[in-house]
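One structure is given below, encoded as structure tokens.
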Amino acid sequence: MLLWLTNFLSQHFHAFRVFNYLTFRSIVSALTALILVLSLSPRLIKYLVSLQVGQMVRNDGPQTHLKKSGTPTMGGVLIIVAIVISVLLWGDLSNRFIWVILLVTVAFSAIGWMDDYRKIIRKNSKGLSARSKYLLQSIIGALAAVYLYFSATTGAETALVIPFLKNVLPNLGLFYIVLAYFVIVGSSNAVNLTDGLDGLALMPTVMIGAALGVFAYTTRNHFFAQYLAIPYIPGAGEVVVFCSALVGAGLGFLWYNTYPAQVFMGDVGSLGLGAALGVTAVVVRQELVYFLMGGIFVAETLSVILQVGYFKLSGGKRIFRMAPLHHHFELKGWPEPKVIVRFWIITFILVLCGLATLKLR
């Protein structure tokens, strides 16, 4: 929004030309989101407390979680709002990638909001039925995938980047739609499953979001793309503004969400942020690298799938003490902060490995 104004002003005042630089707009986007969340979170927490919008804790979970009951939730609304405001202010609103990512993020957050709302109103931890939630996610994910496929202007936008292999970029054709759909929907649910401890999902989301911003920056530049043997995607650079806003908003919220959490982001935050990472990975053509960097999300999801499947096949036996995986380690006696920080460390290592794929080919 401000880019249109500064483009006009820069014709008369040279100082405004700095707003044309992607790096500058990305930095101020992150700072805007960070300041918004840091300054408004205390008021939001008080407001949620006054409304008695408290977390409902399941009785069959770890007993240490019972003390979390009543902690304000749905704070993820502020994360999403801060991201949207920052991107609308500092992004190029004529860029189609920006709008796709924003709309997917907001739509999945809306699903999360409905889920949180039902949990609070009905005073249970069930929320939306799994079928209803998945149906809504599928519609949005499929629409986004179809749009990205048919709006592609170059073959590079639908090519699959295979890590560590140089000049191997198979065009997916219509299979692109299937892959994009599963990445968006799967990512949303994976982050949601991981968001079971204070800050556990948020810090990995921030780290991966920053890394995807690096990929977006390199993909936008023809010279960088050619040198690194990755697809050149015109317009993908604006995604950096979104990633920066995500990082800023995430860090700001983490200030209040870190152990012991003063507020939870709820499904409105985790579903939206998960979808944001997924659709961003699709846009910058780094689905497989995202699978690597989001190893914690993958492990958490697989632990649930394996646990449920084995439980049904074995007649009640379990692989893990409890799923998702972070609960397994809690029941083994690991303190919650230890589980959180170790998962963060693993994600940091995986993100470095993901960034290394830019050069190791």
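Just so you know, glycine gets a Cβ as well, placed from its N, Cα and C.
Remember, it's a predicted structure, so these values are computed and weren't measured experimentally.
In Swiss-Prot this protein carries:
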type	residues	note
TRANSMEM	18-38	transmembrane segment
TRANSMEM	73-93	transmembrane segment
TRANSMEM	97-117	transmembrane segment
TRANSMEM	135-155	transmembrane segment
TRANSMEM	168-188	transmembrane segment
TRANSMEM	196-216	transmembrane segment
TRANSMEM	235-255	transmembrane segment
TRANSMEM	263-283	transmembrane segment
TRANSMEM	288-308	transmembrane segment
TRANSMEM	338-358	transmembrane segment
Other same-chain positions with a Cβ less than 8 Å from the transmembrane segment (73-93) and lying at least 6 residues past its termini are 1-4, 25-26, 28-30, 32-33, 36-37, 40-41, 44-45, 48, 53-55, 99, 102, 105-106, 109, 112-113, 116, 120, 238, 241-242, 244-246, 248-250, 252-253, 256-257, 263-270, 272-273, 276
Of the listed stretches 18-38, 97-117, 338-358, the one with the highest count of C-beta pairs below 8 angstroms to the transmembrane segment (135-155) is 97-117
